[in-house]
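Residues or ranges marked as domain 'Amino acid transporter transmembrane' in TrEMBL: 52-445. According to TrEMBL, the feature transmembrane segment maps to 88-110, 147-169, 181-199, 206-225, 240-264, 276-299, 321-343, 363-382, 388-409, 430-455.
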Amino acid sequence: MVSDGQAEDAIVADVAGGDGTEAHARVVEEAEQHEQQQQRGGGFSMKSLLWHGGSAWDAWFSCASNQVAQVLLTLPYSFSQLGMVSGVLLQVFYGLVGSWTAYLISVLYVEYRARKEKEGVSFKNHVIQWFEVLDGLLGPYWKAAGLVSNCTMLFFAAVIQLIACASNIYYVNDGLDKRTWTYIFGACCATTVFIPSFHNYRVCSFLGLGMTTYTAWYLTIAAAVHGKVDGVTHSGPDKLVLYFTGATNILYTFGGHAVTVEVMHAMWKPRKFKHIYLVATLYVFTLTLPSAAAMYWAFGDELLTHSNAFSLLPRTRWRDAAVALMLVHQFITFGFACTPLYLVWEKAIGTHEAKRSVCLRALARLPIVAPVWFLAVIFPFFGPINSAVGAFLVSFTVYVIPALAHMATYSSASARLNAAEKPPFFVRSWAGMFAVNAFVVAWVLAVGFGLGGWASVVNLVRQISTFGLFARCYQCPPKAHAPTATGPPLPEPPQQHH
């Protein structure tokens, strides 16, 4: 078994390409044995088996679990805006584009780590983050852009998880309105402050992916069994605003790699990450495509006024189980979104590398949770808010900035000659890399940020006009009122439309 110090040395040697000293080579070999033992679970305590993860499998579970999350429930809504053909094609397209930019982020991490290790910099007790990679490779202006965009995106991703929790639990227990459920789940999700880093999400990632797998196939089977509703229509794509709102939600769906650097840093051998996100995306396709297509086939345009897929399915024990599992998964995903924010905050207040007790560290992180909680109450618009975040935050954070950063990092001949990672076999040349990156930047700026931003703002303003800020129960069906002893039944309030 290797010690923590040896494991750190092994990561250093691995990132540097494994061409260090004989001692480094020996440590790398020991690290590989350590990883094999960890995967078998042999010779380790239960705590080590469930808590300490750093293998390629751990990274794969983290990527797949974090990527699918609550958007699984809004993708049928997006299909109703896009139509079946566009919905399928855009999922595949953005899934591949997302995998490409995740690959770019992993390359830049390896480059940054290799350069710093050659300078003798040690990262013991320090978690590398995306803005630090940009700072080390390209300077302070890039650092500022990465820090602001990444933190803002993750902040709103955490907000969306709280909104989703309240939206889902309402379909099991409508005794409380969604705003009250947001208060309750905000307190529950605050307990993620006790999870130190992505190294400690092993069991959570495994369980989270299992939960979303169940939910996806529940949606698929339940829609097929339910069949088409009477008079179902499939008019999408019908309006440009709705079309680009739906497209931007899909862009958001496959933009879950804002935590790529933190996940890589938690790995024993970060170089193995290169193709992990693509493999995770291929698995996610088996969940998102059948469920969204089946729901749209069964309910058609009804989904335009029901952004949460659970709202159209009859209540059964199977649906209740799916809701419960998604709630647990959203708690996990809330932690995924907030952990990088916790780390940034620790670095800002000077507690990151200090050895503190778990309770003191958790206490220092609590100021991050409060504003997330507050915004989830202000903007409870489950579905439309995803598109707005996708257009204005995800587009830059995980698509535009990584592509531009890669081009800037390798703009000089010397940088390309000494690159820690050469172009992949399917691109072959640096010119090909630049061409793909330029296409990604142009497409996302024009379609994702431009048209998607316009459509998302228009749609979000409509929701605010209809339901207002601090809406007590967004898109809740009207409740029937029992007749009173002294008079006729109270009239039902009009149905609120999306």
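Just so it is clear, glycine is given a Cβ too, placed from its N, Cα and C backbone atoms.
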Sequence-remote partners of the transmembrane segment (181-199) [C-beta within less than 8 Å, at least six residues beyond its ends]:
52-54, 62, 127, 158, 161-163, 165-166, 169-170, 259, 262-263, 265-266, 327, 331, 334-336, 338-339, 342-343, 358, 361-363, 365-366, 368-369, 372-373, 376-377, 380
Under a criterion of three or more Cβ pairs within a distance under 8 Å and sequence separation of at least 6, are the transmembrane segment (363-382) and the transmembrane segment (147-169) in contact?
yes
Distant-in-sequence neighbours of the transmembrane segment (147-169), which means Cβ under 8 A and at least six residues beyond its ends:
69-70, 73, 129-131, 178-179, 181-182, 185-186, 189, 258-259, 308, 310, 323, 326-327, 330-331, 333-334, 337-338, 340-341, 344, 371-373, 375-376, 379-382, 385-386, 389, 393-394, 396-398, 401, 474
List, by number or range, the same-chain residues at least 6 past the transmembrane segment (388-409) whose CB is under 8 A from its CB atoms?
97-98, 101-102, 104-105, 107-108, 111, 134, 137-138, 142, 145-146, 149-150, 152-153, 156-157, 160, 248-249, 251-252, 255-258, 415, 433-434, 437-438, 440-441, 444-445, 448-449, 452-453, 455-457, 460
Among the recorded stretches 88-110, 240-264, 276-299, which has the greatest number of Cβ pairs closer than 8 Å to the transmembrane segment (430-455)?
240-264
For the transmembrane segment (321-343), which recorded stretch in the set 88-110, 206-225, 276-299 gives the largest number of Cβ pairs separated by under 8 Å?
206-225
Surrounding residues of the transmembrane segment (276-299) on its own chain - C-beta under 8 Å, 6+ positions past either end:
56, 59-60, 63-64, 67-68, 71-72, 75-76, 78-80, 84, 87-88, 91-92, 95-96, 98-99, 102-103, 106, 212-213, 216-217, 219-220, 223-224, 226-229, 232, 234, 253-254, 257, 260, 306, 309, 312
